[in-house]
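K.L.:
Take this structure, written in structure tokens, and hold onto it; I'll ask about it next.
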Amino acid sequence: MKLGDLGEFGIIDRLSRDLINRPGEVVQGIGDDTAVLNLEGPWWLLFTTDMLVEGVHFSLDYATPAQVGIKTVAVNVSDIAAMGGWPAHGVVSLGLPTRLSVEEVEELYQGIRRAAGEYGLNIVGGDTVMSPERLVINLALLGFVEKGRAVYRSGARVGDLIYVTGGLGKSAAGLYLCRHPDLTIDPGMAAFLKQAHLEPRARLQAGRILSGAGVTAMDDVSDGLAAELREICRASGVGCRVRAEDIPVDYRVRRVAALANYDPLDWAFSGGEDFELVFTVPPDLARGVEEKLAAAGEECRCIGEVIPAEKGMVFELAGGRCVPLEARGYDHFAP
Ligand SMILES: Nc1ncnc2c1ncn2[C@@H]1O[C@H](COP(=O)(O)OP(=O)(O)O)[C@@H](O)[C@H]1O
Ligand SMILES: Cc1ncc(C[n+]2csc(CCOP(=O)(O)OP(=O)(O)O)c2C)c(N)n1
Ligand SMILES: [Mg+2]
């Protein structure tokens, strides 16, 4: 069978059997943003890894080595943020093609150093090997969260409101601009969107606030809003209804989408790599959540609500007509 026949999530499902031999220490295994492991003391350990491959996650045609380092840290911290915890210690593995110079590899590490400093985490080790063609970089990251405070994908309940932080589609618009440098557009706009793609930021502060404010489920938007909603719905055994009019899409994203002849909502739903947080919250706590985020300078928007599983995933178009929400997101092995 070919990898493309199963897709990324089918492959992971197949691999995920018979891997736990110390069940007593596992609070949450495969299936969430990070593993959650039980320790003595007040905190659970969060453990996650994400790898970036040249040509798949970045291109050195337009990303600087420092930006690749920044992104590597951000995508991993984002998974810790989506559990409601904080990052602590990481190890970095490098597969280096010999065409890179020492200076470029040092620059990569300047990016890692800068981002690690910003999120307050240590890099305490790693591995360095030759890679025949492409630059490969992996971070494995430990974090902590107070026992009982981790937010899983599985906690959404019918009636909860669905929110998303910040705005969606910026990364996809930025990627489009990196690939089409000749597009005529205001340079300030282009710089903003490209930065969103090349130097994403993890919503660590928002994740901490949300895990302390009673949210029921949370995920970071790495594969696109639709894919993350599918994960929450599947893990929680619920459905969802989201309103087109409330999906936060920045005017700059709309501008690039118009020039590129794309539907900006497609970028929001399927573009991915925005690293915003999508979360659910019971209606009686929603006001408090909004106020706490606003007080910390974090934006959020209510985009819909959790409905019974039988109703599926529903997309309410501007004007009120409802259509099924296609959970089309980034799949590494999509045909
Ligand atoms: N090769 C693998 N072996 C075991 N677990 C894996 C493997 N690849 C992914 N996973 C797990 O499958 C789940 C989904 O992975 P992924 O979609 O990459 O999550 P995320 O978007 O949070 O990075 C996660 O819990 C991850 O730890
Ligand atoms: C050169 C290049 N092509 C395409 C993309 C778009 N892209 C690559 S991976 C990805 C989705 C997220 O990656 P994944 O490794 O699945 O992250 P995870 O869900 O594990 O956090 C997207 C949108 C990109 N960033 N760079
Ligand atoms: Mg991953």
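Cβ atoms are placed via backbone N, Cα and C, with glycine included.
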K.L.:
Given that TrEMBL assigns H57, E273 to the substrate site, pick the one from Y109, Y251, Y330 that the record assigns to that site as well.
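P.N.:
For substrate, TrEMBL names H57, E273; of Y109, Y251, Y330, the listed one is Y330.
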K.L.:
Report the candidate from D79, D263, D266, D274 that shares the Mg(2+) 3 site with D33, D220, as recorded in TrEMBL.
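P.N.:
Record source TrEMBL; matching candidate: D79.
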K.L.:
If I take the Cα of H57 (substrate binding site) as reference, which of the binding-site residues D33, T49, D79, D223 has the closest Cα?
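P.N.:
If we rank D33, T49, D79, D223 by Cα distance to H57 (substrate binding site), first place goes to D223.
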K.L.:
Other residues with Cβ within 8 Å of the Cβ centroid of T49, D50, D127 at the Mg(2+) 1 site?
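P.N.:
Going along the sequence, the neighbours come out as M51, N76, V91, V92, S93, N138, L139, A140, L141.
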K.L.:
List only the single closest residue to R153 (ATP binding site), chosen from the binding-site residues D50, D127, D220, D223, Y330 by CA-CA distance.
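P.N.:
With Cα distances computed to R153 (ATP binding site), the winner among D50, D127, D220, D223, Y330 is D220.
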K.L.:
For Mg(2+) 4, what surrounds D33, T48, D79 with a Cβ no more than 8 Å from their Cβ centroid?
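P.N.:
Going along the sequence, the neighbours appear as D32, T34, L46, D50, N76, S78, I80, A82, M83, L141, D220.
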K.L.:
In Å, how large is the greatest distance between any two Cα atoms among H57, E273, Y330, the listed binders of substrate?
P.N.:
11
